[in-house]
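Following: one structure in structure tokens, then a few remarks.
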Amino acid sequence: MQSFEFLDLILFFGISQGVFLAITIQIIKNKNRPANKVLSIILIMAVLMLLGRMIFFKYLTVRLFQFTILIDTVIFLFGPLCTIYFRRLLFSQQTRFQLPLYHYIPAVVQVIFATYILILTTTQFEEQYALGYFTIPFIIVEGLGLLSNIYYWILNVGLLNRYSKEQKNKVSFQQNLVSFLKFFQIAIGVFILFWIVSFISINFFNYAVKFINYNTVWGSISIFIFIIGYYSLKEPELFRISFEKIKVKPQKRLPQDQIKNLKRDLKYVMENEKLFLKPDLTLRYLSERLDTSTHNISWYLNTVLDSNFYDYINRYRIQEFLKKIENREHLDHTILAISIEVGFNSKSTFNKAFKLEMNDTPSNYIKQMQVLS
């Protein structure tokens, strides 16, 4: 009995936290507001799904079971809303992004199906259920829900990959929320994989895998969504990238005098002003500082230097770090402290940049320097 009471406590705590997060996220100003409006809806849906799992595990009656079928409409809304959340969080565009209405057709069909079931009396439902009238429809609903979530998961992975690739031409720092979103997608992918295993084992082999089933998968997803909500409270607003597919003619080579001027100006602000020390340096800021366009700088970096903005700035930061090591500053400060001092905003970003530039780890490089000296 105690284990069941503990489960009640966990479920009630999860539901209350979901409601709290959905409200709190809306109170916060100027922090990914368009995306967080969608996140609040996702949190409320997670609360409903968790409520449905609580009913199923603890308070199931025939009538409540009929209501849980309506709650399960969430499985057709989770994917589309996550895609909207990702698009609004990662990308900017002139109008607030919305998916076309046809993306919600499966959810509407599920509501109609659930409404029909709710219209039935408990006796009618029990009779039809016992005769197997709902066996095939339930399999179809779960199968379509599974396919829907696989489709939107793949779509969201594509959005993250596109953003990760394009941000290197726009910002010089690592954004922690992007890494967390990747972790979120990996976790959802694992949950979907468990769901696939459960669906196939039950419907094709008539074998139930212990602890891996539809209810535990969606209960876990709901709780995991709350973690996303907490994380979004403390993360700063992401640098969003334009999503509009503007048809731009291939940029012609800059005139030789402009190339020389751009090379000179870049060298000055990097070597004399050390603009790379600014940890949140962006391409837009640099273009405004040099009184030129972002396209001109990108063209120069990509075409002339065969680099991108992210690697170009971090290369200067690594060189500054090496100068400090040569000056033996690492004897008085930690490697992390020096890396932050030269413009990096995280240990992982610094280590990756150092490995790319020096083909070695910072600690090994310093050890070799000490041996040579």
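Note: Cβ is positioned from N, Cα and C throughout, glycine not excepted.
Any TrEMBL annotation is an automated prediction that lacks curation.
As given in TrEMBL:
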{"type": "TRANSMEM", "residues": "6-27", "note": "transmembrane segment"}
{"type": "TRANSMEM", "residues": "39-59", "note": "transmembrane segment"}
{"type": "TRANSMEM", "residues": "65-87", "note": "transmembrane segment"}
{"type": "TRANSMEM", "residues": "99-119", "note": "transmembrane segment"}
{"type": "TRANSMEM", "residues": "131-159", "note": "transmembrane segment"}
{"type": "TRANSMEM", "residues": "180-205", "note": "transmembrane segment"}
{"type": "TRANSMEM", "residues": "211-233", "note": "transmembrane segment"}
{"type": "DOMAIN", "residues": "263-368", "note": "domain 'HTH araC/xylS-type'"}
### Summary
Same-chain residues at least 6 beyond the ends of the transmembrane segment (131-159) with CB under 8 Å of its CB atoms are 72, 75-76, 78-80, 82-83, 86-87, 90-91, 106, 110, 113, 117, 185, 188-189, 192, 195-196, 199, 203, 214
## Note on the structure
Checking 39-59, 99-119, 211-233 against the transmembrane segment (65-87) for Cβ pairs under 8 Å, the most are found for 99-119
### Summary
Within the same chain, the residues 6 or more beyond the ends of the transmembrane segment (211-233) and with Cβ under 8 Å of it are 14, 17-18, 21-22, 24-25, 28, 31-32, 36, 39, 42-43, 46-47, 49-50, 53, 56-57, 74-75, 78, 142, 177, 180, 184, 187-188, 191, 194-195, 197-199, 202
### Query
Within the domain 'HTH araC/xylS-type' (263-368), how many residues are helix, strand or coil going by DSSP?
78 helix, 1 strand, 27 coil
